[in-house]
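Below you will find the structure I want to go over with you.
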């Protein structure tokens with residue numbers, strides 16, 4: 001390589017480092033802003049107002065189109081300027097804004113039942129509106145495309161079928177949300193149970209059985225229904241999100257057919273993406289289950305090894321003690337084997353495979369394409385205002401670019417997964433402290449009278465064995481949602497402004513009403529306001545909160561700085577062994593009280609279940625392990 005070539009390469013490397021430094025700085029500042037917004041919560045209150053105002057417009061338009069079947073501007077102007085129309089629209093807006101704003105304010109309420117109900121009920125009510133509206137719009141767009149392709153007038157199918165699909169979609173959304181809330185509660189209960197297990201000071205076989213029975217599971221029927229529900233929801237949402245884009249411009253029949261097929265592919269990808277998301281959510285619950293089981297095995301291994309060390313350090317060892325030592329060694333080997341299996345299962349659950357990595361990339365590609373479609377709908381609204389046509393070539397390029405984005409993001413996630421697997425392969429070839437426990441296990445299986453590790457070495461080795469190596473986490477989805485919200489805010493702000501300012505329209509010589517220049521200025525201001533609020537809210541929600549890690553990116557709280565000192569474990573009194581662990585985790589979901597209340601608010605009941613400890617065991621069963629020990633927690 002020439003000197004000039006080396007200099008050019010050096011300059012390019014410096015430019016790349018400089019650009020990466022700028023990107024890192026922007027990302028860090030954005031996260032600080034997001035955390036501040038999330039902590040203050042004012043952006044959530046502002047979003048509640050803006051979102052409900054937008055919903056008041058969209059639901060009014062839905063009602064007019066479905067139940068009155070008149071959408072011409074003159075009729076809408078007449079309705080919105082009549083006393084009855086003003087009263088109805090004002091009542092709707094006040095109700096939605098009040099409901100949404102109070103739900104945002106009471107979001108963290110834990111005591112007042114009325115406030116909790118308001119906060120819990122609003123998401124369901126919003127899903128009800130979105131289900132009705134989006135399913136109808138998706139079906140309407142589909143009928144429009146089918147009519148253009150077939151040359152037949154299918155408008156008569158829009159309202160009846162769209163109304164039925166809307167009701168079905170709304171019911172489906174309500175069931176999905178209820179199922180999600182119950183599963184989140186089950187995950188929280190498993191996390192609470194894990195904390196109890198971490199602080200156990202003794203563990204008998206009866207205790208272990210009782211703790212295993214308290215682990216929360218999602219029954220198989222619900223899991224199957226969940227897949228069917230999210231697939232159906234993905235199909236209906238796909239019609240709304242991806243089919244309607246094709247009708248934004250006048251296209252030639254061949255181009256219309258090609259773009260319609262691509263839109264159908266996006267809808268199919270949306271269904272697959274929703275199924276993958278549901279699989280990932282179910283896997284998160286399984287991760288909490290596996291961690292509880294691993295924690296029980298780890299605690300039992302610690303306590304058993306402590307008893308083994310105590311016996312071996314006695315000054316005088318009797319024959320029965322020697323037999324007990326051999327038995328404990330065999331039990332330790334069995335527990336180490338169970339520990340290794342459960343830890344490997346956990347590692348598999350928090351690691352993507354190539355199929356999951358590819359589906360994740362496809363999902364990211366759909367989110368990126370969602371940003372483009374939001375820009376498209378905004379541009380379409382602006383073209384209506386300026387009475388210009390949307391360029392068909394530009395529409396085709398943007399629709400096709402969605403495929404490019406999906407392929408590119410899938411390639412990126414697959415390559416990232418490959419690099420992670422290579423790194424993990426290299427890491428596995430290195431020497432790790434946990435191998436000392438495995439070597440001790442092999443020695444004991446060969447010769448039961450062999451020496452064992454001391455307490456400090458065993459604790460260090462066990463802590464190393466508990467380490468997790470999850471798939472790396474990315475934030476493409478969160479950033480794409482920020483950009484999508486920003487773009488959609490422009491369209492929503494423009495629509496609401498024109499809706500609210502209908503009274504200022506002017507009639508032409510033929511008696512038809514048109515927007516005024518003042519309305520255009522206010523529409524721009526409203527669009528900017530909506531865009532900023534929606535974008536900042538997406539930023540706060542996506543990057544300001546502790547991440548709800550997907551199963552493939554799960555993080556655990558490392559117990560750094562907490563060392564297990566087994567030679568300092570002390571015996572526990574008989575009275576203490578009878579006391580149940582504190583705090584208690586609820587054993588099951590609430591099944592009492594009003595079914596209407598429980599649909600919106602799933603209450604946990606903490607049962608006063610005392611775990612009986614065996615009193616016939618030797619005093620060695622009462623050795624206490626240091627609180628927290630080496631068991632990793634849950635995010």
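In case you wondered, yes, glycine gets a Cβ from its N, Cα and C as well.
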Given 393-414, 415-436, 437-458, 459-480, which one carries TrEMBL's transmembrane segment label?
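When 393-414, 415-436, 437-458, 459-480 are checked in TrEMBL, transmembrane segment belongs to 393-414.
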Out of 255-276, 277-298, 299-320, let me know the one TrEMBL marks transmembrane segment.
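Of the candidate stretches, TrEMBL labels 255-276 as transmembrane segment.
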Under TrEMBL, which of the candidate ranges 51-71, 114-134, 135-155, 156-176 is annotated transmembrane segment?
156-176
Of the ranges 204-223, 224-243, 324-343, which one does TrEMBL flag as transmembrane segment?
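Among 204-223, 224-243, 324-343, the range TrEMBL annotates as transmembrane segment is 224-243.
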Write down the single range among 495-517, 518-540, 541-563 that appears in TrEMBL as transmembrane segment.
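From TrEMBL, the annotated transmembrane segment range turns out to be 518-540.
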What stretch, picked from 85-106, 156-176, 224-243, 393-414, 518-540, has the most CB pairs under 8 A with the transmembrane segment (255-276)?
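The stretch with the most close Cβ contacts to the transmembrane segment (255-276) is 224-243.
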